[in-house]
Ligand code: HEM
C-alpha cells in the first residue's frame, strides 16, 4: 500500500550511515512525510501527550531509583530524604507522583476518543488491543509504585488488593502468599514490587513502539471516520502535526506544572505521609483516583470472588469492543443515538469514580450497583441494539469533500 521512495541524502556521512542502518530513512518516513488525514483535530494529540507522560515517568523514575531504598525499615525515610536532602529531589518526586495522574488522565481521554470515533474498528483492532494491554500494565505499574513509599495507605492498599486473590477457590491463599513472598505484605513483597515497578514501564515503552508500528501500518483514523481516498485527503506529518503537537504539549505541560509547583499533593492521600503500620488500619482505604471506577465495581456485589471477576471484566470487555460495536459507521458524529448512549456511559464512568471514593454503606452500595449495571449494559445491551436499529446520518464522500464542497 505504501508508495514511499526514500530520498537521496546529500550529506556523505548521513548517506554512509543510512546505507548501513536506514535509521534516518525510517525517521524521515515516519516523522516527516508520514501521511495523516488532513481533518484530524486536537483529540488526536492525546496519543503523543501520553507518550510525553511516559517519558517523564521513565526519566524521573530512573533518578528516583538511585536514591530510593527498598527496605521496609528505610523506604519511607528514603523518600523523605529525597524530598529534603537530594538536590531537586522534591521536583523529581512531585513530577513522578503527579506524572502518574497526568499519564492516566491523558490515556483515559485517548481511549474515550477511540470509543467515540470508533478507532477500535477494522482495520485498527490490533492497535486497540495493544492499547488495552498497555492500560492493563499501567494499572499494575501504578499499583506497585504506590506501595514503594511504604506509607500506611501503601501498606493497607497492597494488603487489601493482593488479598483479593484469596477469593479464587482452592489456590487463592497459596497464590497470594506466593505474590507476597511471605505470610503478609512484608520485605519480600516490597522487593518484588520494586523490581516489577522498574520492569513493567520498560514493557509499556516497548508496547508503545509496537502501538506506533501498528498505527503507521493502518494509518490514523479521523473525526469523520471514513477512509483516506487519495493524496488530497492527507497532509505530511511535518510540519503540520509536529507544530500542532508541540503546541498541545506546551498546554499540557502548563497544566501539569500548575499541579507540580502549586498543588503537588492535590492527588495525594494524607495517610500515605504516615509510615506503614500493620497494627493501624486507616479508617477509609481508598485507592488513587484513577482506580476509583474499578474499585467501585469491585464492591458492586457481596461476594468477593464476584467483585473481583466483575472488576476484571470491566477492563477485559474493552478487548472485545470490535465485536460489540459492529456499526459500519465509525465516527459517533454520524450516529445520533450512539452519541446519547456514549455520553451517558462517560457520565456513568465518572459517577462510578465518585462512588469508588465513598464509604461502603448505603445509599452508595445501591448506587454502585445501578452504575455497574449501566456500565455493562452499555457494552452488552446498548451497543448490540444500536448495531441493529440505529439509522446513521449520511457520510461525506471523502475527507476533503466537506471542505472543497464549500469553495
Ligand atoms: C502508553 C500509552 C499510550 C501511548 C503512548 C499511545 C500513543 C498513541 C499515539 C501517539 C497515537 C497516534 C495519535 C493519536 O491518535 O492520538 C495513538 C493512536 C491510537 N491509540 Fe494509543 N497510546 C497509548 C495508549 C492507548 C490505549 C490505552 C488505547 C486503548 C485502549 C489506545 C488506542 C489507540 C488507538 C485505537 C489509536 C488510533 C486512533 C485513530 O487513529 O483513530 N492507545 N496512540
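Cβ coordinates are placed from backbone N, Cα and C, and glycine is handled just like the others.
Checking the ranges 8-28, 155-175 against TrEMBL, the transmembrane segment annotation falls on 155-175.
Remote same-chain residues near the transmembrane segment (155-175) are listed as 143, 146-147, 184-185, 189, 193, 276-278, 281-282, 285, 287, 298, 303-305, 307-308 (criterion: CB distance under 8 Å, separation of at least six residues from the stretch ends). Beyond the ends of the transmembrane segment (337-357), by six or more residues, the same chain brings 112, 115-116, 286-287, 289, 291-297, 299, 327, 364, 367-368, 371-372, 374-375, 378, 382-383, 386, 389-390 to within a C-beta distance below 8 angstroms of the stretch.
The closest partner of residue 197 (heme b b562 binding site) among the binding-site residues, by CA position, is 211; the full candidate set was 110, 211, 216. When Cα-Cα distances from residue 96 (heme b b562 binding site) are compared across the binding-site residues 110, 211, 216, the shortest belongs to 110. The stretch from 41-70, 126-148, 305-325 that makes the most Cβ contacts under 8 Å with the transmembrane segment (246-267) is 41-70.
Neighbour density for residue 110 (heme b b566 binding site): within 10 A of its CB lie 20 other CB atoms from the protein chains shown.
If you look at the transmembrane segment (305-325), the same-chain residues 6 or more away from its ends with a CB under 8 A from one of its CBs are 111, 115, 118, 120-122, 125, 128-129, 132, 135-136, 139, 164-165, 167-169, 293-295, 297-299, 372, 375-376, 379-380, 383-384, 386-387.
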